[in-house]
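*Asks:* Pulled these features from TrEMBL for this protein:
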- 10, 11, 12, 123, 194, 287: UDP-N-acetyl-alpha-D-glucosamine binding site (BINDING)
- 4-141: domain 'Glycosyltransferase family 28 N-terminal' (DOMAIN)
- 188-340: domain 'Glycosyl transferase family 28 C-terminal' (DOMAIN)
């Protein structure tokens, strides 16, 4: 059996694809998986580093001003014949796309050759590439409830990255020592993505003096955050540019985060109760829509940035950490998400499609 997986552009597209590939290879070492992506973007480094064969395509992005859009569109469409040659040579049983413009010529070529196609959508608001490819796709897996895709072939599966976290192990002692954390105090993690957020960081900074002494806080400012914290690290509050999200989420009693698709899949897989502050600066307000997947399950609390204050933030954190009824309710609902196994569910569906072809 052979799969071709197309993933590229950002880690948000690439990591779920790699997670699926890793779980699939672990389940079936004889399975062949080949990735296709752009020759000069993130995937050209990440995928070979993960140990998978990678075929690059010289395609330009159809974004930017009108000239770049036209050039990019021509580049994408003119790549279809090249993709057909690649697929004829590789003879995959299925082609899987994880969004981004790079998936368009490959999955269009696959459809023209009669190879079944399967797409995975990571966000609550689908990308243009997946919307364009949905009509011809044999199956569509999503991370959130969708009404933009044909219902008959769409399933709410989740992010394959969550499956990798089922066996996630942490050296607790080493992790605590890295930032001089206290092992006997409950941990609250605050992380707002690699870029951080100047406005929310200011609120966190102002809220620090109102945090209670019954817990400790680890704050990631974001490596590119323009806000300069007035507080410095103390015994109970650590302020650092970056920490590994999965590691410290797994040790946390509560997390305060943005609502990106990857972060939400990690929170769900690790069963961490959370306070979500969606970024209002993303297209189609998709982070708030993402957040509702956990909020509606009562595994998370939503705080909207435009109406948020440091006082509200501190009060909500203190209540979650010190009111047993509030925390118990959040934790019980969070634990329900831990039962999901998106990668294996996708693999079973893919194998079913391939079997029906033969």
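Cβ from N, Cα, C; glycine included.
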*Asks:* State the count of C-beta atoms found within 10 angstroms of the C-beta of residue 12 (UDP-N-acetyl-alpha-D-glucosamine binding site), not counting that atom itself.
*Replies:* 18
*Asks:* If one looks at the chain holding residue 123 (UDP-N-acetyl-alpha-D-glucosamine binding site), which residues at least 6 apart in sequence have a CB under 8 angstroms from its CB?
*Replies:* 12, 143, 144, 261, 286, 290
*Asks:* Far apart in sequence but close in space: which same-chain residues, 6 or more away, have a Cβ under 8 Å from residue 287 (UDP-N-acetyl-alpha-D-glucosamine binding site)?
*Replies:* 258, 259, 260, 278, 279, 280
*Asks:* By DSSP, what is the split of the domain 'Glycosyltransferase family 28 N-terminal' (4-141) into helix, strand and coil residues?
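*Replies:* Result for the domain 'Glycosyltransferase family 28 N-terminal' (4-141), in helix, strand, coil order: 67 helix, 26 strand, 45 coil.
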*Asks:* If one looks at the chain holding residue 10 (UDP-N-acetyl-alpha-D-glucosamine binding site), which residues at least 6 apart in sequence have a CB under 8 angstroms from its CB?
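*Replies:* Set apart from residue 10 (UDP-N-acetyl-alpha-D-glucosamine binding site) by at least 6 residues yet with Cβ under 8 Å, we have 42, 100.
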*Asks:* Average pLDDT across the domain 'Glycosyl transferase family 28 C-terminal' (188-340)?
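*Replies:* When the pLDDT values over the domain 'Glycosyl transferase family 28 C-terminal' (188-340) are averaged, the result is 92.
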*Asks:* For residue 11 (UDP-N-acetyl-alpha-D-glucosamine binding site), just count the other CB atoms lying within 10 A of its CB, please.
*Replies:* 14
*Asks:* Check residue 287 (UDP-N-acetyl-alpha-D-glucosamine binding site) against DSSP and tell me helix, strand or coil, would you?
*Replies:* helix
